[in-house]
Amino acid sequence: MTALQNDTFLRALRRQPTEYTPLWLMRQAGRYLPEYNATRARAGSFLGLAKNPAYATEVTLQPLDRYPLDAAILFSDILTVPDAMGLGLSFAQGEGPRFAHPLRTEADVQKLAVPDMASLQYVFDAVSEIRRALVQDGRQRVPLIGFSGSPWTLACYMVEGGGSDDFRTVKAMMYGRPDLMHRILEINAQAVTEYLNAQIEAGAQAVMIFDTWGGALADGMYQAFSLAYMRRVLAGLKREHDGQQVPAIVFTKGGGLWLEALADTGADAIGLDWTVNLAEARRRTGGRVALQGNIDPTVLFAPEAAIREQVRGVLDSYAAAGGSDGHVFNLGHGISQFTPPDNVSVLVDEVHRHSRKLRAGQK
């Protein structure tokens, strides 16, 4: 096992003391970076990028070479799992993901099966290659995060056949044929568990479950159709590898109503979107979990002084409820492709600067 130069992120997830608040950014390797766009052009397509371990490694490291971030996250897509199930994933320019074979009928659902993880070997190869590429002067620069979509979020795409404004197709199935919905979710939960465990075996040092569309569910439906299946995944995860604890983060966008329940899933940390007050979230979760988040990504379009002010507000809010440890700074959702890269430098600088001051007892 290669020692880490910077383990601040992992210590924060374990709610241990840190010298400053670590940060990484959702979609930190992405279209806002010109170097990413150059690599994607060489790859020829998004899937050409995501399915090539050398390209995936290259783009994973790009934001780390530009900014002093405290974690790397595997470059991939949440829809690799349903693609491996045979649903026929494609990305049309400017249109987002599409599945050629969405799950619409009972027969479609009956045919669904957990994919052979060998069909996702390109993901695990990328994890291993990124781990090797992170080593500098005999030590690994920062930890590597692996990830998956939640069973419910994957099901949304699998039934709708792509993105949706109202999720009426998947919700109609949920309300009208809950038996079919539960079968999809059971298969997805098993697949996600195996997928994340394979990432851990390949070298992921923390994992995150993205429940992007959990917040589209009504109270009661969320607990039955999203939370229950994330809990099942978490119960099946390898939580130790190479003698090291592997922390797990869960993030339900729009999930502020259910923080107490999320804190009881067995996750080490909860990701929060920008609608949640951090001090209040900390009180509600009772210090049982670390918290990750949660600045509004559009703050990055503001002038420098405003970015710094908003960063301080997030850090101060968390610290007001009992000190700064146990917090990973992040955006409340993925970074916009239109974000000026220089503004990200301002955000990263202010997070590190102000969080050090807070720990030193200064304002």
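Even glycines carry a Cβ here, placed using N, Cα and C.
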Among Thr193, Thr212, Thr285, which residue shares the substrate site with Arg27, Gln28, Ala29, Gly30, Arg31, Asp77, Tyr157, His333 according to Swiss-Prot?
Thr212
Simplified DSSP label at Tyr157 (substrate binding site) comes out helix
